[in-house]
Amino acid sequence: MAASDTERDGLAPEKTSPDRDKKKEQSEVSVSPRASKHHYSRSRSRSRERKRKSDNEGRKHRSRSRSKEGRRHESKDKSSKKHKSEEHNDKEHSSDKGRERLNSSENGEDRHKRKERKSSRGRSHSRSRSRERRHRSRSRERKKSRSRSRERKKSRSRSRERKKSRSRSRERKRRIRSRSRSRSRHRHRTRSRSRTRSRSRDRKKRIEKPRRFSRSLSRTPSPPPFRGRNTAMDAQEALARRLERAKKLQEQREKEMVEKQKQQEIAAAAATGGSVLNVAALLASGTQVTPQIAMAAQMAALQAKALAETGIAVPSYYNPAAVNPMKFAEQEKKRKMLWQGKKEGDKSQSAEIWEKLNFGNKDQNVKFRKLMGIKSEDEAGCSSVDEESYKTLKQQEEVFRNLDAQYEMARSQTHTQRGMGLGFTSSMRGMDAV
């Protein structure tokens, strides 16, 4: 029985030895990911030596309690090694952020616990690969952050340069505006100055165009320039131009008026004297005879001829070149005939008949004469009445009396008695009797 117990004791440490080896490997792998790269070969050699020692201990039939104490010692040694490696890593990567340090220390402890729970060699290899990947990703992030910081510095420097250029351009604009204000006071003096100013403005606009394109690169759009003063300057220039044009037009009109006066004087001289003689006198004096002067001389000759024939002269307010003097004289004659008073002469027979017409009633006679516009001449009418006219007047009186009687009868039938039928009644017979 004693021999069998010893054999079991010998077998037990042999069975437990592979478990120990796995735990040792896991504990060695639980070192921080940055240290695992550099100390991978050393950990392997140590694990092999520990395997050999554990085999020797199994052969010597050590007890389980002994093996437990050995495990505790080994775990203490490993923990001290871990602390050293972590301190070393902290010194190497002191430039990293505080968040990464905390994450690395916490990840180390979590990994140590997980590895003690799990017992598989393949998983440890995958974890080491993941650590390497994380390490690479962190290095990439550092590079990216450095490049970003450089870009930010560059963008800041660019923005400063743009601000400086803007301030310079604003100062230039202010200078230009101040110059333009001082110039605008003396714009109305000369036209040449306004032309030179407009040319200089065009040049400035051409110079400022490429600057606007360079400003468009900035993120914030620049505000539009204030153009109120420019419009005012343009309005002043337009007023000055209008004034100049008005002055020119006035000068031209004055010249035309002077020429017309000269022509009228020449025409008057031609009218008073012979036109041929005046033209000859002008030629003799040496003055140039223009076609206008010749036309004025001809018109003056026509006016003199019309005056001699009709005795009517064309007034001076008419244009002698546009008015025919003979036609003007005929029109004046007609006007005089129309508007002159009537001469006292013999009246026609028809006028006398209408004047002496008698309706048998004085009121009717007065009304008729007023309507016809005949003046009352009773005394003259009574004295100058002939026998023939007297007969005609009597006949007219009878006719008018008969008409009045018939009118009264018709009125009584239609309005008062209201006769029936077509009118062939006793009333009509009574009319015939009357």
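A Cβ is built for glycine as well, from the same backbone N, Cα and C atoms used for every other residue.
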Check: According to Swiss-Prot, SUMO1 cross-link sits on which of K333, K367, K375?
Finding: K375
Next item on the list: Would you mind telling me which one of T6, T231, T287, T425 Swiss-Prot calls phosphothreonine?
Entry: T6
Note to self: Labelled phosphoserine in Swiss-Prot - which residue from S17, S222 would that be?
What the structure shows: S17
Next item on the list: Compile a sequence-ordered list of residues in the same chain as K375 (SUMO2 cross-link), six or more apart from it, whose Cβ lies below 8 A from its Cβ; state 'none' when nothing qualifies.
Entry: R369
